[in-house]
Amino acid sequence: MANHIVLLSLVALSFCYLAFAFEPSPLQDFCVADLTSSARVNGLACKNPMTVQANDFFFSGLHIAGNTSNPVGSRVTPVNVAQIPGLNTLGISMVRIDYAPWGINPPHTHPRASEILTVVEGSLLVGFVTSNPDNRLITKVLQKGDVFVFPVGLVHFQQNVGYGNAVAIAGLNSQNPGVITIANAVFGSNPAIAGDIITKAFQVDKKIVEHIQSKF
């Protein structure tokens, strides 16, 4: 009997772990985010459901090309809970990514979501890197209509390898997947990471580190 109780307890703990490993399922039809609320919760506080309107579940503009006139030659147009309050607690979001010829979406991670990307126009070189110690690069060239998955938390990137503009649409399994661009985080943190730390980590001259930091 005692063994059964221990086993049931372990099973219950396992289910609790799985439940908290991902965004909690809604306990009502919807929980439209109240973007004006100051309540501090894991997610966003709910609006009064009687005040909810169709526009709380709506976004317009994903057909508009993003401005890629920037150093990396890409632009991400997000559609997450900040744009559609009705996504609150639903665990999904999406983005449109525009790429200039040879533009990149630089190496980055999403700490709270996996990503599934499809090429709408053009050709993309995509890839992700596995975790330590292997750090294996898994990469592929995608054509229009191809689909690729980036596992949660892993560093990944895309590059337009065509001579025309490219467009991709991606879905993410979080209302707020977050993004950490590696170069920005390492060289552009506020306050800055001490130069000697980065110098030792990258095994380069400190002047090189200071030069890169000046770009951010």
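The backbone N, Cα and C atoms fix where each Cβ goes, and this holds for glycine too.
Annotation source TrEMBL lists signal peptide at 1-21.
In sequence order, Gly43, Cys46, Asn88, Thr89 are the residues near Cys31 (disulfide bond), counting only same-chain partners six or more apart with C-beta under 8 A. Annotation source TrEMBL lists disulfide bond at Cys31-Cys46.
Averaged over the domain 'Cupin type-1' (60-210), the predicted model reaches a pLDDT of 96. Residues or ranges marked as domain 'Cupin type-1' in TrEMBL: 60-210.
Marked as oxalate binding site by TrEMBL: Asn105, His110, Glu115. Residues within less than 8 Å, Cβ to Cβ, of His110 (oxalate binding site) and separated from it by at least 6 positions along the same chain comprise Phe150, Val152, Gly153, Leu172, Ser174, Pro177, Gly178, Val179, Ile180.
Annotation source TrEMBL lists Mn(2+) binding site at His108, His110, Glu115, His156. Within its own chain, His108 (Mn(2+) binding site) has Val155, His156, Phe157, Val179, Ile180, Thr181, Ile182 as residues 6 or more apart in sequence whose C-beta sits under 8 angstroms from its own.
Surrounding the centroid of the Cβ atoms of Asn105, His110, Glu115, where the record places oxalate, the chain contributes additional residues within 8 Å, namely Val95, His108, Thr109, Ala113, Leu117, Phe150, His156, Ala170, Leu172, Pro177, Val179. There are 23 other CB atoms within 10 A of the CB of Glu115 (oxalate binding site), with all protein chains counted.
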